[in-house]
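As written in Swiss-Prot, here are the features:
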type	residues	note
BINDING	15-22, 63-67, 125-128, 158-159	GTP binding site
MOTIF	37-45	motif 'Effector region'
LIPID	C204	S-geranylgeranyl cysteine
LIPID	C206	S-geranylgeranyl cysteine
MOD_RES	C206	cysteine methyl ester
Amino acid sequence: MSSRRRVLLKVIILGDSGVGKTSLMNQFVNRKFSNQYKATIGADFLTKEVQIDDRIFTLQIWDTAGQERFQSLGVAFYRGADCCVLVYDVNVMKSFDNLNNWREEFLIQASPSDPENFPFVVLGNKTDVDGGKSRVVSEKKAKAWCASKGNIPYFETSAKEGFNVDAAFECITKNAFKNEPEEEPYLPDTIDVAGGQQQRSTGCEC
């Protein structure tokens, strides 16, 4: 039986404090959501294996603090990223207006080799709030901004309801992999003493 290649991808999630970065990560990795808000201190990360076609990807997803006092830590966390996810709250205009600042800061601190083609994905989160009545950022406005930045993929999500989360992270995985060098390092399958293999995959569609 041929070995499936396991590719490690580093994904950074950026955005203002309170837009739902931690909730999106926990919904995708653990299928859990908490109404209790707790600000991320510095940065934290979770990992999850995603299978797309014949490849198994290990996503290392970094959730970073949105507070300004932690932004100086960025250079240590951003370096080596394969994709950057920009998150805003569709009910808070300021969080959308700040997307450009987060994008520019990432490019400066991460210093990717090809900044013009580095993959970003934008998520407009919290679409569930008040059944959409509190929304202030239209989908049209968000897509126009993404188009102006090189046609960045855009998804509207609800971490609370799990809406579009899997589809967004499948797109994130594919874009991160495109940023990998052709001869990317890979992790071989691990086989336990009973001869079984442990695999996890998502059933998301892009």
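Including glycine, each Cβ sits where the backbone N, Cα and C put it.
The structure displayed is predicted, hence computed values, not measured ones.
Per-residue confidence over the motif 'Effector region' (37-45) averages 58 (mean pLDDT, predicted model). Under the three-state DSSP scheme, K21 (GTP binding site) falls in the helix class. Ranked by Cβ neighbours within 10 A across all protein chains shown, the binding-site residues G15, G18 are led by G15. K21 (GTP binding site): 26 other CB atoms within 10 A of its CB, across all protein chains.
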